[in-house]
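Accompanying notes for the structure given below.
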Amino acid sequence: MTQYLKRFIGVNPLTLTLLTIIIGLAAYSFKPSFMEFMELKTVDLRFQARGKIDPGPEVVLAVIDEKSLEEQGKWIWPRNKLAKMIDRLSDDGAAVIGFDIGFLEEDQNSTTNTVEQIERTLQSRGLSDDEVIAELERMKVLGDHDKTLAQSIKNSKSPIVLGYFFQKTSEGLTNVTREEVMAHIDQTKGSKYSHVKFSGQQALRIKLPDAFMPQSNIPEISNVTQHSGYFNMTPDQDGTFRWLNMVIECEGGYYAPLSLQTLAAYEGADLSLNIEEFGVSSVQLGDKKIPTDESGRFMINYRGGAKSFEHIPVTDIIEGRISAGTFKDKIVLVGATAIGIFDLRVTPFTQHNYPGLEIHANVVDNILRGDYLRRTNLSFFLDVFTIIIVASVLGFAIPRFPVVPGLLTAVALTGGYIGLCLFLFTRGTILNMVYPLSIVVIAYVAMTVYKYLTEEKDKRFIKDAFSTYLAPSVVNQVIKDRESLKLGGEQREITAFFSDVQGFTSISEKLTATSLVELLNIFLSEMTEIILDNEGTVDKYEGDAIIAFFGAPNVMPDHAARAAIACVEMQRKLVELRERFAQEGRPILHMRIGMNTGLAVVGNMGSSKRFDYTMMGDTVNIAARLEGVNKVYGTYTMISESTYEQCKEYVVARELDAVNVVGKAEPVVIYELLGLTGEVDNHMEQMIEHYANGLAAYRRRQWKEAVGHFDKALAFDPGDPPSLTMKKRCIEYFKTPPAKDWNGAYTMTSK
C-alpha cells in the first residue's frame with residue numbers, strides 16, 4: 001500500500017487532469033445506467049426549479065373525479081351515461097373528444113339480457129301480448145348501453161378518438177388464438193400511422209418498442225369511429241413518467257398514441273413516421289415535426305403539477321350544469337382522476353396522484369405550442385467542452401489554492417454550470433448535468449487527495465489518536481469535522497435497539513466468572529458483528545444487554561429496514577449458537593429485542609474530558625420498554641408501529657396489540673417481527689391472518705369471536721404465546737369487561 005501511495009504522490013497535477021478528462025469522456029461515451037438515472041433526476045429538479053407554466057386554452061379535461069363518482073355511482077358506470085356526455089359535448093361544439101378510457105368488454109350494466117329472459121319466459125307460458133312484446137323490445141334497445149354509446153359516437157358532430165392499450169407480451173394471456181390477435185389488430189387500424197417511410201434496408205431492421213397484441217375496444221363501439229390511439233405509458237426505472245412512446249410496433253404495423261391521434265383528428269392532418277438507420281428520425285403531424293429520440297420516445301414538457309389544465313367533472317356535463325360554449329372548439333380529453341380508479345402516476349412535479357389523463361394533455365399542449373424539450377448537436381459539443389474545461393480549471397486551481405479558495409472554485413464551476421443548464425432548459429434545450437458535475441467531483445476529489453497526501457499529512461493525527469477507542473463510524477465523522485469532538489448533540493430520526501438475554505441472572509449464578517465472561521464474549525461478538533454489518537452503531541453494553549442505534553452518525557434513509565434485518569439475522573445466529581452451546585455443554589441463550597423509530601438526540605454527551613457518542617429521548621425510552629414488553633406476550637423481537645411502517649417491504653411482522661407503556665401517555669402499537677419478506681411459509685401466514693382477525697374482534701369487544709379466531713391461530717401453532725396470551729385476556733374481559741372508554745390498549749403496570 002505504501003508503494004502505491006508513493007507512486008500516487010509522484011504523479012503531477014497535469015497527469016491527474018488528463019486522467020480525469022479521459023474518465024469523464026469515457027463515461028459520457030458508454031453512458032452507465034446509474035448515471036443516466038441520475039441525469040433523469042436532474043431533469044426533474046430542472047422542472048421544479050422552472051416551476052409551473054400556463055398551458056394554452058385549447059385543451060379541457062372532462063374528469064371522472066370524486067364528485068362524479070359520488071353523484072353517478074361507483075366506477076364502472078353504465079355506458080349510457082358516457083353516451084349522454086358525448087351528446088352534450090357534441091352539441092356544445094367540442095372540436096374533438098379523446099377517451100383515456102377503454103371499452104374493452106361488453107357493458108356489464110346493460111339490462112338487455114334480463115329483458116330477453118323475461119320475454120322468453122312470457123312466450124314459454126303463452127303470455128305473449130303484442131303491446132307487452134313491443135314494450136320489451138323498446139326496453140331492450142334502451143338497455144343495450146353499448147349500442148347507445150355506439151350511436152352517440154356515430155351521431156357526434158365532434159370526432160371521437162377511442163383509447164385502448166397494448167399487451168406488451170403474451171404472458172398471462174391463455175388460449176388466445178392467432179385469429180383473435182388479428183381481430184384486435186383489425187379493430188385498431190385507425191391508430192396506425194398514415195405514412196411510414198424507411199431510408200433503406202438497414203432502417204427496415206430497426207427494432208422499435210413492440211407489443212404482442214392490442215386490447216381493442218369491442219367491435220360495436222370501435223366500428224363507428226375511425227380514430228383511436230393507445231394509452232400505454234412506460235415509466236423510467238424509478239417509476240417516473242418522463243417520456244411517451246410515440247410509436248409501438250405490432251405485427252408489422254406502426255401505431256400512434258392517443259394524444260397524437262387526438263391532435264390528428266383536431267387538425268385533420270396525417271401522421272407520418274420516418275425511420276433511418278439509427279432509429280426514428282422524426283414523427284410528423286402534417287407539416288409539424290415532433291422531436292423524439294431514436295426509439296420514438298417524446299420527452300414531455302410538463303406544465304406543472306396536477307390540475308395544470310382545466311378540470312370539469314363529467315357529472316356536471318351529464319347533468320347539464322355547464323354553460324353553453326364551454327367546450328366550443330376545444331380538445332376534450334375524457335378520463336379518470338379519482339384516486340380510487342388508480343390511473344395515477346409519478347411525474348417530475350409530483351410523487352403521486354398525477355392523473356394519467358393529464359399526461360396526455362401535456363403532450364397535446366406541447367405539440368400545439370411547439371415548445372419541445374430536446375437534445376441538439378450543440379448539446380453534445382457543450383457536454384464535451386464542459387468536461388474538458390472543468391477538469392482543467394480544477395486541475396490548475398486545487399493544488400495551488402488553499403482549501404477554501406479551492407472549494408469555492410469548485411462551487412463556482414458547479415453553480416455556473418447548473419445556472420446554464422437551467423437557463424437553456426427554459427429555452428427547450430437539455431444539457432447533460434450529471435457528467436460535467438461528476439467531473440467536478442472526480443477532479444476535486446483527485447486533486448484534494450493528491451494535496452492531502454503531499455501537503456496535509458498532519459490531519460492523520462485524529463485517526464491515530466482516537467481509532468483505538470471510538471467506533472469506526474464515529475472516527476470517520478471526527479475526521480470529517482473536528483468540531484464533532486466537542487460536546488453536544490443533534491435531533492435526528494433513528495431506530496433505537498435494545499436487547500437482553502432472557503433469564504441471564506439465573507444463568508450467571510450457575511457459571512464461574514471465567515465461564516461467564518467467555519460465554520458473553522462469544523455471544524456479544526456474534527451479535528455485534530451483525531449490527532455493524534448492517535451499519536448500526538453500538539452505543540454500549542450493559543452486562544448481557546446490547547444498546548445500539550441505526551441512522552447515526554451516518555445518515556441512512558433505510559435505517560429502520562437495516563435494523564429489522566439485523567434483528568432477524570441476530571435471532572438466526574442465536575439459533576446456531578444454541579446448537580453450538582448445547583454441544584459444548586454451555587447454557588442455552590434466548591434474546592429479547594425491542595426497537596422503536598423516531599426522533600432522538602444523538603451526539604457526544606458527558607464531560608468535556610470524557611464523553612460518549614450516544615442517544616437520548618422518548619424514542620429511546622420506548623425501545624427500552626418494548627424489550628421488556630416481550631415478556632407479556634412471550635415474544636422475542638418486538639418493534640413499534642413507527643419502525644414497522646418504514647421496514648414493512650423487507651420483513652414479515654404481525655400486529656400484536658396496542659399497549660400503554662410506563663411513562664408514555666399515548667398507546668404504542670406493537671408488532672412481532674417474524675422474518676424476512678418471502679421467507680415465511682403459508683402455514684405461518686394463515687396463523688398471522690387468524691391472529692389479526694382475533695385482534696380486530698378483541699378491539700370491537702367481541703370476546704367470544706376473538707377467542708374463536710385465536711383458537712384458529714393456535715390450530716396452526718399450538719404453542720403460539722401471543723395467541724395464548726390474547727385468548728386468556730379475552731376470557732378475563734368476558735367475565736370482567738374493561739371500562740366503557742377503553743381504547744383497545746393494554747396497560748403495562750411495570751417497566
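Even glycines carry a Cβ here, placed using N, Cα and C.
Per TrEMBL, these features apply:
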- 495-627: domain 'Guanylate cyclase' (DOMAIN)
- 687-720: repeat 'TPR' (REPEAT)
- 12-30: transmembrane segment (TRANSMEM)
- 378-398: transmembrane segment (TRANSMEM)
- 404-426: transmembrane segment (TRANSMEM)
- 433-453: transmembrane segment (TRANSMEM)
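Distant neighbours of the transmembrane segment (433-453): 5, 8-9, 11, 13, 16-17, 19-21, 23-24, 27-28, 35, 38-39, 42, 46, 383, 386-387, 390-391, 394-395, 398-399, 406-407, 410, 413-414, 417-418, 421, 459; these residues of the same chain sit at least 6 beyond its ends, with a Cβ under 8 Å from one of its Cβ atoms. Note on the domain 'Guanylate cyclase' (495-627): its mean pLDDT in the predicted model is 91. Beyond the ends of the transmembrane segment (12-30), by six or more residues, the same chain brings 383-384, 387-388, 391-392, 394-396, 398-399, 432, 435-436, 438-439, 442-443, 446-447, 450 to within a C-beta distance below 8 angstroms of the stretch.
Remark: secondary structure over the domain 'Guanylate cyclase' (495-627) totals 63 helix, 41 strand, 29 coil, with classes taken from DSSP. Here the repeat 'TPR' (687-720) has, by DSSP, the following mix of helix, strand and coil residues: 27 helix, 0 strand, 7 coil.
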